[in-house]
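Engineer: The structure follows.
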Amino acid sequence: MYVDESKNLLFILRSILFDYSFVWISVFCFGKKMQIFVLIAFVLLKEVLSDTHEDIYKILSESEMTIDEDLVRRSTTTRNARAVDPYLLTMAPRNQDDDEMRLVSHLLNNYNKEVRPVQNKSDAVQVIFGMAYTQLLDLEEKNQVLVSNVWIRMRWFNHLLKWDPSDYGGIKSINLPPQLIWVPDIVLYNNAEETLGAGQMDQFKTKIILQHDGLNKWFAPTILRSRCSINVEFFPFDDQKCDLKFLSWTYDGLRINITNSSPTADLATYLPSGEFELISAEVVRKITKYPCCDEPYPHVTFTIHIRRKTLFYFNNLIVPCFLITALGLLTFVLPPATGERVTLVITTLLAMTVFMLMIAEKTPTTSKVTPLIGKFFIASMVIIGLSLIATCIVLNLYECTRAVESVPKPIRIIVLEYLAPFLRVDPPIQRKLARPRSNQQVDTAVHEKHGTTEVTTGNGAWRFHDNFHPAHHHHHHHHHREETSRQRNVAVLPKEISEGIAVLSERAKQQEKFDELTEEWQAVAKVADRLFLIIFLLTIAITTVYIFVNRPDPDSI
């Protein structure tokens, strides 16, 4: 360091002597009258040279290289040959180590970055490839693309970039831009990025570490978009395995031999994802041979095994779907006379359709398999559709009495005698038959004998005599005396009134028959309601258990 300071001091003194010598010579040559003009011209010339020197220094600092006297001397023989002032040699940064400058100049002197770094051209460059998987950014199921944040690590030996540390102040490693030296053309084979240059590992901007023994290390962070075949058969209880395949794009295995640095990716810096759980990241090296060529083509493949976290889908899709399906079954609980039963089922069916559209937006468009949750939604929609049909059947049974048809005997036996007690439905017809006869019920018998009408009630009989038949008056009078106990219940009315009472009696019988049919059909409808409710509840439970319990064991995948 003291040597550098002495050199700089010597240069300053030399520059001062040069400046004053130039002034005195100009005064001697041009005289005192021209001195002021000569000084102004000298200052302007020096400022121009200073600006030029600063521009050159900026160019050199960007590539971290400085020029020495040998390089300047060689530059004078190029096609841009021009004299270089020794003043340029001092424009390098003062804190730049001379040993590193000499080392860079030594390494890059007559170096061609297009040549593979091997001593024997029949040998292959051994490229050791590794990767640190730091974050799973996204899995686009619709596009079947895995987005990953990784750190790429590549190592290879370059015998052309060796040096003895003792010759360069003990420097054992330096950093150089990748544009100056040879780098392997490793690419991501299953790249899904559309931009130009994406997936090419030789396009990194980070610098390469050069060690004195010829080992080159290149570490670079990047975001990879890779194609991944998504298997949605067990979505959302699915495991996915996505590959990241790396190989040389233009070199075969006889010229670049790529190998993996470890059996697994580095997961020490992995940031857990909120949607997926990272199970493993195994690495395997394979060799592919194509029918067209005899050369082997090795590649390194990282298999990213991830498992979906199902809590989000369980809370936002499965549970609402199950509740909507159960809500649709409430149609069998509502009274049949309610006019909103069909509306409830149709509304539930529309809600299930909305959920199906959400699933379709999430999963990729494929006809190979149906997702597990899709099967559940389809089964739920089928159940709700069948419940709509069952609701229509129940309503038809409930309104079947309009046809004044009695319940068929087989249905009466099966439904009212067997199913009704089993389902704990008490048919109203049974309650009516078990109820005792009231004193207010009329048991009417109309007798018309010889012009006489008799109406018998529960308390006795009403006898209607026709006064227009005197021939029988004596006979009835005698009969009246014999039945003195019933005379209090006998009334004599006109014939028109007796006929009207007969009509009313007939209508009462018809109404009673109609009420009996109504009660029978309504009882059948209630039994059908209860039966359909139990059937659909069991169907939902069995379907749910079958779909979600029979999914594969995650440990076996």
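For all residues, glycine too, the Cβ spot is worked out from N, Cα and C.
Automatic, uncurated: that is what TrEMBL annotation is.
Found this in TrEMBL, in case it helps:
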- 20-45: transmembrane segment (TRANSMEM)
- 101-310: domain 'Neurotransmitter-gated ion-channel ligand-binding' (DOMAIN)
- 312-335: transmembrane segment (TRANSMEM)
- 317-548: domain 'Neurotransmitter-gated ion-channel transmembrane' (DOMAIN)
- 341-360: transmembrane segment (TRANSMEM)
- 372-398: transmembrane segment (TRANSMEM)
- 434-487: region 'Disordered' (REGION)
- 470-480: compositional bias 'Basic residues' (COMPBIAS)
- 531-549: transmembrane segment (TRANSMEM)
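For each listed feature, how buried is it and what is near it?
Structural biologist: Mean per-residue pLDDT, taken over the domain 'Neurotransmitter-gated ion-channel ligand-binding' (101-310), amounts to 94.
Tertiary proximity for the transmembrane segment (341-360) is limited to same-chain residues at least six positions away from its ends with a CB under 8 Å from its CB atoms, namely 317, 320-321, 324-325, 327-328, 330-331, 334, 371, 373-374, 377-378, 380-381, 384-385, 387-388, 391-392, 395.
Same-chain residues lying 6+ beyond the ends of the transmembrane segment (531-549) with a Cβ under 8 Å from its Cβ atoms: 237, 322, 325-326, 329, 332-333, 372, 375-376, 379-380, 383, 386-387, 390, 394, 419, 423.
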Engineer: Cβ under 8 Å to the transmembrane segment (372-398), counting only same-chain residues 6 or more beyond its ends: which ones?
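Structural biologist: Non-local partners: 233-238, 313, 317-318, 321-322, 324-325, 328-329, 331-332, 336-337, 341-342, 345-346, 348-349, 352-353, 355-356, 359, 363, 521-522, 524-525, 528-529, 532, 536, 539-540, 543-544, 547-548, 551.
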